[in-house]
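Per TrEMBL, these features apply:
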- 1-529: domain 'Myosin motor' (DOMAIN)
- G2, E3, S4, G5, A6, G7, K8, T9: ATP binding site (BINDING)
- 463-485: region 'Actin-binding' (REGION)
Amino acid sequence: SGESGAGKTESTKLLLQHIMNLCKGNSQLEQQILQVNPLLEAFGNAQTVMNDNSSRFGKYIQLRFQKNTVRGAKLSEYLLEKSRVVQQDTGERNFHIFYYMFAGLSSEEKEMYGLLDPSLYRYISGRFGTQDVAQRWKQKYQEVCNALDMVGFEEQEQVDMQAILAGVLSLGNVAFEPEERNGSVKVSEASRGWLKAAAVKVNVLSQLVCCVPCSPWSPSVSCCCLCADSRDSIAKVAYGRVFGWIVCKINELLAENVDPEVELSEIGILDIFGFENFAVNRFEQLCINLANEQLQHFFNHHIFQMEQAAYKEEELPWETITFNNNEPILNLLLAKPLGLLSLLDEQSAFPQATDKTFVDKLNSSFKGNLHFQPGRGRILGFSIIHYAGKVQYTAGGFLEKNRDTLPANVRGLFINSITPLLSLLFTGNCCGMGKLQDIAHQTLAALWLAGLLIFLCHRQHSLMMLMERMYSANPHFVRCIKPNSQKEPGVVDSQVVLLQLRYNGLLETIRIRRDGFSWRPSFEEFAER
């Protein structure tokens, strides 16, 4: 755990390399496991103002062993930041893979996928980079292709996957205009080429995104805006399905091939997206920061509460060490029925509700709460005093993202796609993904936020099962500390470091390790020594 840009993903890769080396690291399976992280980085990471290679999803890697030999691995991913596909703030980029494709594909391949100059695409904001950056992306693209081959993706699967990604970019350039005769909306004439490049039938998509009621939430929203929202929803769900399919394929290819009755030991690595505080913080930042609150609470429970309870149980002379308990913040966010998430779900269920009515509800419900502050000025929002500091959230889009609406007949559109993989992703035959297709985003968010629920592609782990696993395991905490805020190598800003040591509770952790009993051999180990 740690701030965005503190080195969590790099630490995860080093830890995996270390474990594979301890296993001798020579088998094909071990080499495949090492290729998983760079593959996921290409599709799940992006440049932000805090980190040039920021994880925009959480992952849990389970390594399974038999007699110190790795026999299989399983990957779980959760809460991919799909909104990044259609919108990025100033100084940020879309997911890496889009830029890698433009830099790495040959002219013939770009023509096959219908890709033109990258500056033309709205979803990547016309930003590409210098020649040096493009050369580096070209190398990264080759690494992705090598990783796909190493892990075991077939050539046609790779072609279909890139065709879908190219189609997503083309879809983003589809614009709409009013129909003069009846006041409805149609795809603009200038956009029909992009629509064709998106590899869908013009009349089907036109019906899909244009036959939207003109005022489902607010009468002031124009039909053209609603059509654009539908277009973006299609792009997000398509990218999300591709990402989920990649994870499913990885799990199929890395699954252990042993007798089911053989008991395997396991090491799990949880690599979570870091705490974020940008100039503009949205729904995604709230979700990310809440997950970090949960992990900090889990850390506090093990390092302070369980540790000191053991000392008292053994009747050891001990002066209690106090720590910054973030439970009140979790109650503010997760309590039922009046926590922030519960109020968000409640407002999302009302067709007439708006982001303003949601903020008004928060202001009245949390008046006087030490960890909540109403927004100031003209910006519609609120602030939360997190364990890592105060974060001001912009409330615009909260209800829409929590509802995550998608036109009802979108599944039929994808099933009838001319791209075989895209059709497969929506038929329910791909790694059990059909079981997940109708689960509402708000339910998913509420579940994982309530306890870092990891959503598996083959089956859904209940909150109870996950928490039992986390609390019954023997956890080791890797606390990543960011040396400076400028993304500069070799520079240590002592104030930045000290702030992190304080809010992470590491100063108290040092004290409990120094004054306490950090090494506890078993009776057998002690007697043998």
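Backbone N, Cα and C atoms are what each Cβ position is placed from, and that goes for glycine too.
Distribution of TrEMBL features across the structure.
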residue: G2; record: ATP binding site; Cβ neighbours (10 Å): 21
residue: E3; record: ATP binding site; Cβ neighbours (10 Å): 24
residue: S4; record: ATP binding site; Cβ neighbours (10 Å): 21
residue: G5; record: ATP binding site; Cβ neighbours (10 Å): 22
residue: A6; record: ATP binding site; Cβ neighbours (10 Å): 20
residue: G7; record: ATP binding site; Cβ neighbours (10 Å): 17
residue: K8; record: ATP binding site; Cβ neighbours (10 Å): 23
residue: T9; record: ATP binding site; Cβ neighbours (10 Å): 23
Note on ATP: the CB centroid of G2, E3, S4, G5, A6, G7, K8, T9 has further same-chain residues inside 8 Å, namely N51, G274, C480, K482
